[in-house]
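Engineer: Once you've had a glance at the structure underneath, I'll fire off some questions.
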Amino acid sequence: MKNNKRHIPHPATMFLILTMAVVFLSWIFDIYGLSVTLPQTGEEIRVQSVLSPEGIRWLLRHVITNFTGFAPLGMVIVAMFGIGVAQHSGFIDACIRRGIRGKQEKRKIILWVIVLGLLSNVVGDAGYIILLPIAAALFHSVGLHPVAGIIAAYASVACGYSANIVLSTMDPLLARTTEEAAVASGIEHGNTGPLCNYYFLFVSTFLITGVAYWVTRWKLLPAMGNYEGNIHFNGYKPVSRKERRALIMAIIVGIIYILFVLWSTFSSYGILRGVSGNLMRSPFIMGILFLISLGAGLMGMIYGFSSGRYRTDIDVIEGLAQPMKLLSVYFVIAFFAAQMFACFEYSHLDKCLAMIGANVLLSVHLGNLPTLILFILFTAIINLIMVSATSKWSFMSFIFIPMFAQMGIAPDVTQCAFRIGDSSSNALTPFLFYMPLVLTYMQQYDPQSSYLSLIKYTWRYSVYILVTWTLLFIIWYLTGLPLGL
């Protein structure tokens, strides 16, 4: 990243400023009595001021639990344990040196990072935690800017969160809400199953891959220039015979571990499935991040002891503790971010602003296709302040599905348009739960990194993907092709 002499606020300072902005806005809107009514329950929601006596008492009571209950905190720590052992033992370094022959592998590395980012939504949010540091190491190993690897992986995970070639964890959740909204509105036609958008999202995966690759290679990398930071790549030291043998043993153990997890999940004796036999809310889905971390740590341990890098359990503990040096900065950022998210949720600003925007959109009378395009843009904008797809769709579906049904638009079409807007702007919002972690990863390689420097490079991903994805939707809609099964 090119040097910049101007002072850039630290990410922790940025979240403190955002918290103050949320508090101030909640005070202003509370004075004017801003309120909305949720269509699915008829409940009236009013903006609550954090500066009111009750708001101040709430903040003092919850300032610690806001931090300890911050959703990504525990997941990040658990995931970094496994990654720490795999990195400290030399397993990740050996994989890179064995798999990458030289700097001519640049195109392949860029493509693989983007594809893995898109496919990572199969296991929920694990891509944000696990893929980003690996992408930085891969980019660095072929002479590319490591922060560019973080940004490319982040944009792929965030903007491609809805697209996949297989069913993701988000598909059944959104489909269930779509079905509830359709039934509540008396809509009996249309497909509302988990695979109702599968064909479209399958094709979208290849489209987004191409767009993200083009932006990374022709926009991001030239803009970032050469890396001149304090973390140096040691070069392509050949893998020794002892390291190769240790690598083979670690991979074999990893394969056995994966097969055991799959058997424990999908066999007739699977103990990792839910009580009803499906995967939703099952131990496998809810514990997927720990399973990945355990697998990475296990392979790291096998490699470490086999290669001679590890001698005793003390070496393994050092590997577990190594990521805590990086996470010390993350904890500071996460503390202020947690307060911002908590104040935002307490104030109800997100729901009130989203409902006002929805009412404005419904007041615009256009044809079906222009209305759907506006709906995509509206969703992308609302996503900047209300990131959770399930939370957004839980009230937006009850507004737009019945209204669009009166225009002859089926529920699965409405859901498909929602998913385009919902994913495209993920890379731009400061309200993403994993934003503190992304900024921490970036600061490891470039201490000047901030939210502003992040969106300086990610806006192209969001805009280009939003435009091309919307064009694909328009073509799909005009040709009358089925969106899914």
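The backbone N, Cα and C atoms fix where each Cβ goes, and this holds for glycine too.
Unlike curated records, TrEMBL annotations are generated automatically.
Just lifted these from TrEMBL, have a look:
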TRANSMEM  12-29  transmembrane segment
TRANSMEM  67-88  transmembrane segment
TRANSMEM  109-139  transmembrane segment
TRANSMEM  246-272  transmembrane segment
TRANSMEM  284-305  transmembrane segment
TRANSMEM  326-347  transmembrane segment
TRANSMEM  367-386  transmembrane segment
TRANSMEM  393-411  transmembrane segment
TRANSMEM  423-441  transmembrane segment
TRANSMEM  461-479  transmembrane segment
Engineer: Which residues of the same chain, at least 6 past either end of the transmembrane segment (109-139), have a Cβ under 8 Å from a Cβ in it?
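Structural biologist: Contacts with the transmembrane segment (109-139): 72, 75-76, 79-80, 83, 92-93, 96, 100, 145-150, 152-158, 160-170, 205, 208-209, 212-213, 216-217, 285, 288-289, 292, 296, 433-434, 437-438, 441, 444-445.
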Engineer: By Cβ distance under 8 Å, which residues at least 6 away from the ends of the transmembrane segment (12-29) in the same chain are close to it?
Structural biologist: 47-52, 55, 332-333, 335-337, 339-340, 343-344, 346-347, 349, 352, 430, 436, 450-451
Engineer: What stretch of 67-88, 284-305, 461-479 shows the most Cβ pairs under 8 Å to the transmembrane segment (326-347)?
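Structural biologist: Answer is 67-88, with the largest number of Cβ pairs below 8 Å.
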